[in-house]
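Participant: Here it is, the structure, as C-alpha cells.
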Amino acid sequence: MALFFFLIFAFSTGPGLLESPPKVRLVRGPHRCEGRVEVERNGEWGTVCDDGWNLKDVEVVCRELGCGAAKGTPSGNLYKPLADEKQKIFIQDVNCNGTEDELIECDRVEDVFDCSHSEDAGAICEKSPPKVRLVRGPHRCEGRVEVERNGEWGTVCDNGWNMKDVEVVCRELGCGAAKGTPSRNLYKPLADEKQKIFIQDVNCNGTEDELIECDRVEDVFDCSHSEDAGAICESFCTGPGLLESSPKVRLVRGPHRCEGRVEVERNGEWGTVCDDGWNMKDAEVVCRELGCGAAKGTPSGNLYKPLADEKQKIFIQDVNCNGTEDELIECDRVEDVFDCSHSEDAGAMCEKSPPKVRLVRGPHRCEGRVEVERNGEWGTVCDNGWNMKDVEVVCRELGCGAAKGTPSRNLYKPLADEKQKIFIQDINCNGTEDELIECDQVEDVFDCSHSEDAGAICEKSSPKVRLVRGPHRCEGRVEVERNGEWGTVCDDSWNMKDAEVVCRELGCGAAKGTPSGNLYKPLADEKQKIFIQDVNCSGTEDKLIECDRVEDVFDCSHSEDAGAMCEKSPPKVRLVRGPHRCEGRVEVERNGEWGTVCDNSWNMKDAEVVCRELGCGAAKGTPSGNLYKPLADEKQKIFIQDVNCSGTEDKLIECDQVEDVFDCSHSEDAGAMCESEYGRTQRLYANCPYPA
C-alpha cells in the first residue's frame, strides 16, 4: 500500500506561524523537540523503523518541527512506554540528504514488514527555552504572563485573552491543560510601571505549540499593568524544593530537601525567616511539617549559598515554637521584619532517615529492580499497575532526579531469589508523594512471580564528590560540592570506610587506600574552603553525604586534605567538546596520545559501549563529531574507523575496528551522547523542562 502524504505549508507573515501542522511529531520525550518519531497518514499516526536512520534524517525532522539543529538519533526504544502493538510502522529506510524541509520529501520504503516497535526511530533536537513565563503565582505553572523579546521580559494585555490562549501558554511551558484565565490584579505585586507591555489582542486557535505562533498586536498603547493577562495550568513540577500545596515551608540550597535555608510562603510568594530566637524546637516543627524526621541542627542560613536575593523579603522573626506543633504557622512569631538581613536567615537540618526503597541489579543506584524494606527484610514489588507516576515517587525518594522509564520485566539479572518475598502490588501513586509508602498499595501478594518484578529508571544526578589532581578520575584529593562550590575534606579520622563510600559513589570499584591529599600537587588554593571534617562512614552508604560529619571547619589546613585511591583504572576513551563529560566527540588513547574515531559505520551499539565504559548510563544518540566545535586540530591523528561493536562489550577496545585511517577527515569524527550527565549542575526542579 503506497504511503500518501498531502502536506501544504502556507506561511503567514508572522514569525513561526504555520497554517497547516507538520505531518511528523516526536512523542514520549521530555519536550516536543525530542522523542519517538511518528508520521501521519490519512489522520492516523504511525512510527518509523530505524533501519538506515541517521543524523541527516533527524535534521529534516527538526527543521520541519521548528526545533533547531539536530543533536542525536536515539533509539525510539528509549521513550517509554513503547508504541502500542496495534500502532502501525509506516516507513523504513528513510534516506534524506539533510536539506529537505519536510520528511515527506526524503526517499523511503513504505509498507514495513520486518521491524518491531523496539526498533522505532527517535530524534533529539536543539530546542531553545520558551519565550513565555508565568510569574508571581504559587508555582511556575500559574501566574502573570510575561513574554521575552530581545532579552527583555514584558507583559501581555488581557484584551481578548481567553482559554485558547492559556492552552498554548500551558503547552509551551509543559504545564498540562489550561485551567483558567484568572482575574486581573491577582498576582501581587503588579508589574513595575517601567516594565513594558509587549502584546495585546492575542488570538490563538488553541493548537499552537508556542504563543509566538498566535495572531497578536504588538506595540500596546491603551493598556495598563492592572490589565495584565494571567494563566492557570493544570499541572506543575513537584521536584525538590517545590511542593504542590501544604506545607507552607521549605528548605532550600541544602544538599537535599530536608536541610537548608528556611523559607515560608505567603500569598504565593516565598520569604525567609530571621534567625533571632531560632532554636531546635523551631527546627523540630519544620522537620515534622516536611516529614523529614527529627531535627539535627539549626545551622545559619548563611551556610547555604548563594544567599537569598536582596529583593526577597524576610517574612518572620522571633519564632517561638514549643516543639509539638505540626506546622510552623502554628507557632508564635513576629511578622513584618525591619532589623534583619539575609546573612541572618534561619536554617534547619533534619534527620532524614534512609529510604525504605532501593533499586538493585542496575548499572547504578538510580536504575534497577525495585525493592522495599519491611522490618529489616527487603522484598520486591509486583508490576501489576506499575507506571511512570510510581517511578516518579521512587526516584524522588532516592534523590535520583526525574523518572525516565518503567523498564520491561526480567531486565535486571539475575532475577530475585525464589525465597525472597514479593511485598506489594497494585501501587497507585499520584506522582507527588515523597515516599513510596505514601501511595495506595495492596500487600500480601499471591498471584505474582519474580518474572513480574517492577523496575525503575531514574535520571541519575551528578555525584557531589570528586577526586582531583590524581592520575585519573578514581584517585586524588577528595572534594565535595555545596551549592555549586567545591571544597575539600579535612583528614581528621578519615579512613578506609570513608574512602569506600567515595569510590562507590563515583563508580570506581573498591577502595585501595587513603593517601594524604598533600600527595596531589598543587595543593588546594588557600581561598578554597574546607567544608567538612571528622567524617564517620559505616562503609555501606551510597553517598558521602549520608555519613556523619562535622561542618564548619576551623582547625584544619589544606596540607591535611583527605585523599582516596580507588581500584578502577581510567578508561581509554573520552568525550570532548560537549556540554559535559558524557557527551561529545569521541577520542581514544594510544600510548599516551589521544586520537579521534572516524564515523564510518558508527552506530548506537558503538555508542552504547562508550557510554558503558565511561559510566555514563545508556546511549542516547550518535551525533556527528562535527557538532562539537572547534573541530579537532589537523595535527591530531584519527586512530580508528569501521568500529563494529555488538553493544555488550565493556570497553571500546574490545570491539572489532580498523586502525591506521587514511580516508577520513575531522569533519567525519564520531560523537556520542549518553544518558547520564556527570559534570552538569543538577537542576533544582528535577521534573521540569525548564527551571522556574
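Keep in mind that glycine also has a Cβ here, set from the backbone N, Cα and C atoms.
Automated prediction, rather than curation, is the source of TrEMBL annotations.
Relevant sequence annotations retrieved from TrEMBL are reproduced here:
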- 1-18: signal peptide (SIGNAL)
- 24-126: domain 'SRCR' (DOMAIN)
- Cys96-Cys106: disulfide bond (DISULFID)
- 132-234: domain 'SRCR' (DOMAIN)
- Cys204-Cys214: disulfide bond (DISULFID)
- 249-351: domain 'SRCR' (DOMAIN)
- Cys321-Cys331: disulfide bond (DISULFID)
- 357-459: domain 'SRCR' (DOMAIN)
- Cys429-Cys439: disulfide bond (DISULFID)
- 465-567: domain 'SRCR' (DOMAIN)
- Cys537-Cys547: disulfide bond (DISULFID)
- 573-675: domain 'SRCR' (DOMAIN)
- Cys645-Cys655: disulfide bond (DISULFID)
Participant: Quick check on the domain 'SRCR' (24-126): DSSP residue counts for helix, strand, coil, in that order please.
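Facilitator: Within the domain 'SRCR' (24-126) the tally stands at 20 helix, 40 strand, 43 coil.
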Participant: Would the domain 'SRCR' (24-126) count as touching the domain 'SRCR' (357-459), i.e. at least 3 C-beta pairs under 8 angstroms with sequence separation of 6+?
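Facilitator: Result for the domain 'SRCR' (357-459) with the domain 'SRCR' (24-126) is yes.
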Participant: Out of Cys429, Cys655, which of the disulfide-bonded residues is least crowded by other Cβ atoms within 10 Å?
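Facilitator: Cys655, out of the disulfide-bonded residues Cys429, Cys655, has the fewest neighbouring Cβ atoms within 10 Å.
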Participant: Please work out whether the domain 'SRCR' (24-126) lies in contact with the domain 'SRCR' (249-351), by counting C-beta pairs under 8 angstroms that are 6 or more apart in sequence and asking whether there are at least 3.
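Facilitator: Answer no, regions not in contact.
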Participant: Around Cys547 (disulfide bond), how many other C-beta atoms are within 10 angstroms of its C-beta?
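Facilitator: Its Cβ shell of radius 10 Å holds 17 other Cβ atoms.
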Participant: Enter the number of other CB atoms within 10 angstroms of the CB of Cys439 (disulfide bond).
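Facilitator: For Cys439 (disulfide bond), the 10 Å Cβ neighbour count is 17.
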Participant: Cβ-Cβ under 8 Å from Cys321 (disulfide bond), same chain, 6 or more residues apart: which ones?
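Facilitator: Looking at Cβ-Cβ distances below 8 Å from Cys321 (disulfide bond), excluding near sequence neighbours, one finds Lys281, Asp282, Glu284, Val285, Leu328, Glu330, Cys331, Asp332.
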Participant: Could you check which of the disulfide-bonded residues (Cys204, Cys429, Cys655) sits closest to Cys547 (disulfide bond), going Cα to Cα?
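Facilitator: Out of the listed candidates, the nearest Cα belongs to Cys429.
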Participant: Using a Cβ cut-off under 8 Å and a sequence separation of 6 or more, which residues in the same chain sit near Cys645 (disulfide bond)?
Facilitator: Lys605, Asp606, Glu608, Val609, Leu652, Glu654, Cys655, Asp656
Participant: For Cys106 (disulfide bond), which residues in the same chain are close in space, meaning a Cβ under 8 Å from its Cβ, but six or more apart along the sequence?
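Facilitator: Expected: Asp57, Val60, Val94, Asn95, Cys96, Asn97, Glu100.
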Participant: Please report how many Å separate the Cα atom of Cys429 (disulfide bond) from that of Cys204 (disulfide bond), as a whole number.
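Facilitator: Here the two Cα atoms lie 35 Å apart.
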Participant: What are the DSSP helix/strand/coil residue counts across the domain 'SRCR' (573-675)?
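Facilitator: Per DSSP, the residues of the domain 'SRCR' (573-675) fall into 20 helix, 40 strand, 43 coil.
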Participant: Fill in the CA-CA distance, Cys537 (disulfide bond) to Cys439 (disulfide bond), as an integer in Å.
Facilitator: 32
Participant: DSSP-wise, what's the residue breakdown of the domain 'SRCR' (465-567) into helix, strand and coil?
Facilitator: 20 helix, 39 strand, 44 coil
Participant: Quick one: pull the CA-CA distance for Cys214 (disulfide bond) versus Cys439 (disulfide bond), whole Å only.
Facilitator: 41
